[in-house]
Protein chains: 2
Amino acid sequence: MSQFTDIDRLAISTIRLLSVDQVAAANSGHPGAPLGLAPAAHVVWKQLKLNPQQPEWINRDRFVLSNGHACALLYSMLHLSGFDFKIEDLKNFRQLGSKCPGHPEFELPGVEVTTGPLGQGISNAVGLALAQANFAATYNKPEYTLSDSYTFAFLGDGCLQEGVASEACSLAGHLKLGNLIAVYDDNQITIDGNTNVSFTEDVAKRYEAYGWEVLYVENGNEDLDSIAECIAQAKQSKDKPTLIKMTTTIGFGSLQAGTHSVHGSPLKPDDVKQLKTTMGFDAEQSFVVPQEVYDLYNTQIIQPGVKQYNEWTQLLEQYSSKYPELAAEVTRRISGELPQDWEKTLPAFTPKDSPVATRKLSEIVLQNIQGALPEMIGGSADLTGSNLTRWKEAVDFQPPSSGLGDYAGRYIRYGVREHGMAAIMNGISAFGANYKAYGGTFLNFVSYASGAVRLSALSGHPVIFVATHDSIGLGEDGPTHQPIETLAHFRALPNMQVWRPADGNEVSASYKVALTSKHTPAIIALSRQNLPQLEGSSIEKAAKGGYVLQDVENADITLVSTGSEVSITVDAAKKLAEKNVKARVVSLPDFYTFDQQSEEYQLSVFPDDIPIMSIEVLSTSGWSKYAHESFGLDRFGASGPAPEIYKTFEFTPEGIATRAEKTIAFYKNKQVISPLHKPF
Amino acid sequence: MSQFTDIDRLAISTIRLLSVDQVAAANSGHPGAPLGLAPAAHVVWKQLKLNPQQPEWINRDRFVLSNGHACALLYSMLHLSGFDFKIEDLKNFRQLGSKCPGHPEFELPGVEVTTGPLGQGISNAVGLALAQANFAATYNKPEYTLSDSYTFAFLGDGCLQEGVASEACSLAGHLKLGNLIAVYDDNQITIDGNTNVSFTEDVAKRYEAYGWEVLYVENGNEDLDSIAECIAQAKQSKDKPTLIKMTTTIGFGSLQAGTHSVHGSPLKPDDVKQLKTTMGFDAEQSFVVPQEVYDLYNTQIIQPGVKQYNEWTQLLEQYSSKYPELAAEVTRRISGELPQDWEKTLPAFTPKDSPVATRKLSEIVLQNIQGALPEMIGGSADLTGSNLTRWKEAVDFQPPSSGLGDYAGRYIRYGVREHGMAAIMNGISAFGANYKAYGGTFLNFVSYASGAVRLSALSGHPVIFVATHDSIGLGEDGPTHQPIETLAHFRALPNMQVWRPADGNEVSASYKVALTSKHTPAIIALSRQNLPQLEGSSIEKAAKGGYVLQDVENADITLVSTGSEVSITVDAAKKLAEKNVKARVVSLPDFYTFDQQSEEYQLSVFPDDIPIMSIEVLSTSGWSKYAHESFGLDRFGASGPAPEIYKTFEFTPEGIATRAEKTIAFYKNKQVISPLHKPF
């Protein structure tokens with residue numbers, strides 16, 4: 001006998017119409033997928049562990065709408081299940097300042113991750129599931145299951161075609177994440193029409209190849225029992241993620257059902273009317289929720305969820321008396337605060353210390369801080385030995401059956417999957433529990449992950465990209481591996497720290513600021529080659545994003561540089577001094593952090609009346625924010641030993657000094673204003 | 001009986017040692033994969049159709065080393081098969097200015113595409129195969145097979161993990177590209193160690209799911225016959241691409257064989273010696289090629305190739321007498337020249353013409369020019385109806401058996417696969433025959449393709465990205481879809497045109513320059529919303545990359561803008577004129593092209609003594625090259641109707657005029673120098 005009644009079917013009609021009404025009110029949006037997916041959403045919600053009054057509850061089930069364009073559906077569900085989405089909010093769908101924007105945004109209550117850019121949501125879901133597995137393995141005790149939540153995701157053909165999803169799902173299969181349940185909305189329609197124009201692969205077979213369990217719902221439009229059975233079965237699949245391939249009709253019930261014209265355009269008014277009539281609703285009314293539906297959601301979803309939450313808080317209390325230290329750690333992590341004095345574990349350096357590559361200094365930082373920060377979880381996209389992202393005692397995050405690690409392990413072998421890695425990191429961060437996710441690759445290949453990095457910034461996930469081999473200084477691998485445009489790209493991205501530390505203190509500062517950051521991700525660009533420990537650097541100064549490394553009275557020029565060029569610039573200043581040319585040297589490891597400082601401080605670093613020249617072996621684009629002139633590399637690099645390449649492109653003390661002198665001559669007898677002054 | 005003799009085995013040892021010697025001489029590089037892959041390379045080469053004297057021969061077989069770090073192998077092969085790689089060149093492996101850089105580069109004879117960034121080569125190979133299928137379907141006649149070449153690719157675990165390869169290979173399966181043969185170097189090792197740490201999926205099953213034929217070589221180290229049989233079988237697989245899963249030992253023969261330490265570091269000197277001794281070579285000598293090996297390559301590879309080439313030229317002659325027009329087209333295309341007067345098909349507009357979205361104007365251009373340019377082949381990443389990339393009469397490029405098109409079709413349904421699309425476009429371009437590949441997506445999602453776009457620029461493939469929905473002007477879809485950093489990113493990329501045309505004439509100009517370009521790719525950023533046809537624009541002027549749209553004597557300010565903001569800026573100038581403030585208006589649709597103009601011309605556009613303010617609703621980063629002050633959007637956008645968003649962010653005539661007045665006030669009584677003047 002079915003567990004579903006007519007009230008369930010009424011609820012599904014309500015969801016369908018609420019979603020269609022949102023799109024109609026905005027005269028913009030995507031009605032097709034919500035119409036097809038409403039039954040699955042209803043069935044999933046009926047067994048979702050949630051508490052709308054505690055949307056951040058750490059043991060809630062997560063729901064990710066990877067096909068984010070179907071967001072009207074999500075807003076309908078969040079409204080019915082008691083989250084802070086009023087009918088008035090739904091009526092403002094896609095309006096400026098609305099709580100129901102055109103794609104779901106992370107900040108909103110009940111929205112687990114920002115979706116819309118295809119392939120990201122399902123990849124974030126892998127990260128959420130990974131974090132849950134790690135959290136559970138770290139804190140659960142035989143008699144106390146603090147964490148046992150599931151991650152659900154809806155996704156469509158678009159997400160399945162994206163490479164980022166392929167990467168993340170392959171890894172999810174490898175990692176045997178049985179807590180991940182994805183519902184594939186197999187409606188055979190994308191924007192270009194039928195999927196047979198471009199997407200005829202056997203998706204189920206591919207996911208089996210990844211190591212997933214694949215289940216089937218043949219009639220996702222109506223067969224609620226089949227959906228429920230698949231979900232129950234998926235929950236039993238403990239060592240495999242599950243893909244439920246569910247056949248639906250896009251725009252179910254609409255006159256345009258089953259066509260791509262119902263994907264991204266509002267239904268015609270007549271179509272909306274016939275839909276309402278057919279479903280037994282008043283064709284003239286909009287945004288209608290029958291009281292029985294509210295009651296069903298209240299008694300069958302909200303109340304059980306609140307009860308589960310209350311039981312969980314009691315469980316945590318009992319846990320606290322038995323495991324006070326662990327409980328304190330859990331509580332601290334949930335509060336989002338780092339441990340007191342963690343930053344004292346950061347190494348500091350003096351000029352007497354040996355020259356070391358900043359990637360190696362990054363390894364030292366990770367080694368030093370990992371004990372203090374159990375929330376730190378990181379890895380590399382198959383460049384562990386090059387990125388130096390693994391501390392000595394690290395345990396790999398692996399399925400215990402692999403014999404290679406366990407789920408409490410905090411080192412992730414991402415494989416050669418940069419984009420998947422970044423999207424998974426976003427998911428880990430979104431899980432909560434103060435997870436600090438980092439991931440390593442070459443700086444040049446952070447670009448492969450651009451789609452996900454952008455969402456780190458837009459969503460405010462404070463993840464860290466450990467980006468080594470940050471310039472032509474990597475040498476022989478040549479221009480395919482040497483970043484040029486990369487820093488300019490990510491510095492132009494809002495809400496993104498882009499560190500390029502010059503020595504050990506600056507590396508410590510970059511981690512200090514990045515790890516303290518609550519809503520801003522960071523890229524830390526690190527050298528392959530050794531760099532000296534600078535006279536004048538300190539963690540405190542570098543943590544301001546920029547500072548005067550070497551000052552001089554009555555300076556003729558301010559030289560500002562980052563990373564591996566700072567020490568060369570210091571040598572250039574010495575060369576200039578020999579000619580009685582006075583150069584200040586500024587180190588500017590992160591534009592974003594520097595921009596947060598007071599105007600007064602910023603002007604003390606870049607004062608008026610002194611021409612400013614920047615030095616960095618990458619694109620000069622973006623530097624004019626601080627410098628009048630820029631010495632950089634606005635062409636591709638070359639393959640050869642690094643010192644020879646530096647020489648060829650004149651990134652030497654002489655090459656810098658010559659340009660400094662030309663800059664001074666150019667600005668002689670001209671009024672020089674700091675670029676920090678702006679008319680608006 | 002085996003077709004292989006001891007001389008073949010000697011040749012394979014020679015290839016192995018030549019490759020190891022290169023890495024040893026440079027003390028840098030990747031010896032592991034060449035040692036494992038030498039047998040496969042030798043067997044593939046023995047049936048490769050090539051002519052070293054005519055490396056651009058259109059009917060040559062293509063070979064792509066997708067695992068580009070194994071390039072020492074490729075240089076060895078090119079040396080032996082008579083391409084312009086001398087032993088001296090091999091000795092200069094990875095040295096500055098060498099013909100043997102750290103990864104293979106497109107400009108080099110016999111190198112079909114630049115590889116190294118993983119996943120790109122195999123995706124380029126899909127493009128090469130696609131282009132061959134199109135070329136053959138377009139020009140072959142029953143009695144004249146002008147084109148029947150194959151595309152071979154070697155790839156390793158790294159390439160297989162990358163999402164870009166997943167996207168491209170899924171499409172290759174859909175398209176049934178039987179002319180594509182990929183050899184998977186299944187050595188179970190990546191940089192992080194054994195593939196079991198992150199890559200345990202069933203690759204063969206996945207490729208079968210994509211619709212590929214999968215064949216197996218169990219002992220790729222030695223079983224030459226098995227390799228040869230698989231290749232022969234793959235060539236018979238006419239309606240499926242083939243993956244040959246070949247098990248090898250990384251670093252075969254080395255003391256470190258089978259470990260990841262042999263992947264990316266030179267062998268130790270003792271190891272090299274034992275390798276040479278074991279293979280019967282003099283341990284003290286390097287870069288040795290026995291004469292028998294040269295002879296074998298000469299008689300079995302070079303001579304047959306030259307013969308095939310000569311037969312082909314005769315065939316083309318006969319074809320010319322029977323199909324003079326088609327032959328002339330083939331010859332013209334091979335020469336790399338566009339048809340005479342093709343640009344006369346570009347539409348021109350006057351201010352009387354209606355306002356039209358530039359994406360629609362782009363559609364008009366494509367519609368108008370497609371008849372004149374048979375080399376134009378394009379598509380969209382599942383946004384055809386939004387990108388407007390398809391001309392009316394277009395035939396889809398599809399396997400004929402699909403009933404949806406044929407291989408002579410020039411419209412490609414890429415699916416939701418932006419990165420794969422870009423990498424395939426690079427491959428199509430690399431095929432030759434003057435292919436002009438374009439591909440559409442939203443501007444924001446060109447970022448998903450960053451890895452491949454970078455290689456378009458680095459390799460100089462003149463492909464075109466039709467990038468619509470280019471700003472907050474797309475409205476309701478919101479910040480997940482609204483580009484901010486995107487133009488700054490790609491403008492910072494060397495050798496890249498980044499067009500943002502403001503009206504119909506500028507759209508025509510952008511296509512004119514992009515299609516005429518031989519070695520520079522282009523992104524053409526296009527509006528979703530309608531824009532007026534501007535007074536003062538022309539194809540000729542816009543083709544300079546930037547020009548004075550409206551001049552005025554004794555100007556107080558120069559306003560420079562792009563795309564959708566140009567007409568708002570014109571209105572701002574009117575507002576200013578009402579207050580007796582004189583504003584020049586410059587339209588700057590492409591920085592790159594503008595930078596190619598004479599200094600004199602550039603200074604006529606941005607003269608001294610007038611402050612310059614830029615207006616563009618994206619990141620201001622990079623604008624200081626031309627403007628003293630910039631009005632832009634250095635934050636994420638918002639979801640809502642486009643006109644309201646523009647108003648909120650003050651991109652209105654009033655908002656621009658106010659900032660212009662502040663800029664004028666700021667520079668009053670200050671000496672103003674054009675930013676074009678540089679001290680160095």
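Placed from the backbone N, Cα and C atoms, the Cβ positions cover glycine too.
A quick note: this is a predicted structure, and the numbers were derived from the prediction, not measured.
The Cβ of B:Glu418 (active site, proton donor) has B:Ala381, B:Thr441, B:Phe445, B:Val446, B:Tyr448, B:Ala449 as same-chain neighbours under 8 Å, each 6 or more residues away in sequence. Here TrEMBL flags B:Glu418 as active site, proton donor.
Sequence annotations record features per position, and here TrEMBL assigns substrate binding site to B:His30, B:His263, B:Arg359, B:Ser386, B:His469, B:Asp477, B:His481, B:Arg528. Taken residue by residue with DSSP, B:Asp477 (substrate binding site) is part of a helix.
Taken from TrEMBL, the feature thiamine diphosphate binding site covers B:His69, B:Gly116, B:Pro117, B:Leu118, B:Gly158, B:Asn187, B:His263, B:Phe445. In the three-state DSSP assignment, the secondary structure recorded for B:Phe445 (thiamine diphosphate binding site) is helix.
A strand conformation is recorded for B:Ile189 (Mg(2+) binding site) in the three-state DSSP classification. Counting every protein chain shown, 25 other Cβ atoms lie within 10 Å of the Cβ of B:Ile189 (Mg(2+) binding site). For B:Asp157, B:Asn187, B:Ile189, the entry in TrEMBL reads Mg(2+) binding site.
As annotated by TrEMBL, domain 'Transketolase-like pyrimidine-binding' applies to B:356-533.
Counting every protein chain shown, the number of other Cβ atoms lying within 10 Å of the Cβ of B:His30 (substrate binding site) is 26. DSSP gives B:His30 (substrate binding site) a coil state; it is part of no helix or strand. Marked as site 'Important for catalytic activity' by TrEMBL: B:His30 (among others).
The annotation site 'Important for catalytic activity' is assigned in TrEMBL to B:His263 (among others). Counting only same-chain residues six or more apart in sequence, the Cβ atoms lying under 8 angstroms from the Cβ of B:His263 (substrate binding site) belong to B:His30, B:Gly32, B:Ala33, B:Ile189, B:Thr190, B:Ile191, B:Ile250, B:Gly251.
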Residue from B:His69, B:Pro117, B:Asp157, B:Gly158, B:Asn187 whose C-alpha is spatially nearest that of B:Arg359 (substrate binding site), among the binding-site residues: B:Pro117
Inter-residue C-alpha distance, B:Pro117 (thiamine diphosphate binding site) and B:Arg528 (substrate binding site) (nearest angstrom): 33
Top Cα neighbour of B:Gly158 (thiamine diphosphate binding site) in the set of binding-site residues B:Ser386, B:His469, B:Asp477, B:His481: B:His481
Spatial neighbours of B:Asp157 (Mg(2+) binding site) that are distant in sequence (at least 6 apart) but have CB under 8 A: B:Asp185, B:Asp186, B:Asn187, B:Gln188, B:Ile189, B:Thr190, B:Thr195, B:Phe199
All-chain count of other Cβ atoms within 10 Å of B:Asp477 (substrate binding site): 26
Chain-mates of B:Asp157, B:Asn187, B:Ile189 with C-beta within 8 Å of site centroid, Mg(2+): B:Gly156, B:Asp185, B:Asp186, B:Gln188, B:Thr190, B:Thr195, B:Ile250, B:His263
Chain A neighbours, filtered from binding-site residues B:His30, B:Asn187, B:Arg359, B:Arg528, Cβ-Cβ distance under 8 Å: none
In three-state DSSP terms, the structure that B:Leu118 (thiamine diphosphate binding site) belongs to: coil
Chain-internal residues near B:His469 (substrate binding site), provided their CB is under 8 angstroms and they sit 6+ positions away: B:Arg359, B:Ser386, B:Phe442, B:Leu443, B:Asn444, B:Asp477, B:His481, B:Leu526, B:Ser527, B:Arg528
Greatest inter-residue Cα distance in Å for the thiamine diphosphate-binding set B:His69, B:Gly116, B:Pro117, B:Leu118, B:Gly158, B:Asn187, B:His263, B:Phe445: 34
Site of maximum Cβ density within 10 Å, from binding-site residues B:Asn187, B:Ser386: B:Asn187
Integer average pLDDT (0 to 100) for the domain 'Transketolase-like pyrimidine-binding' (B:356-533): 98
Recorded substrate binding residues, B:His30, B:His263, B:Arg359, B:Ser386, B:His469, B:Asp477, B:His481, B:Arg528 - maximal Cα separation rounded to whole Å: 48
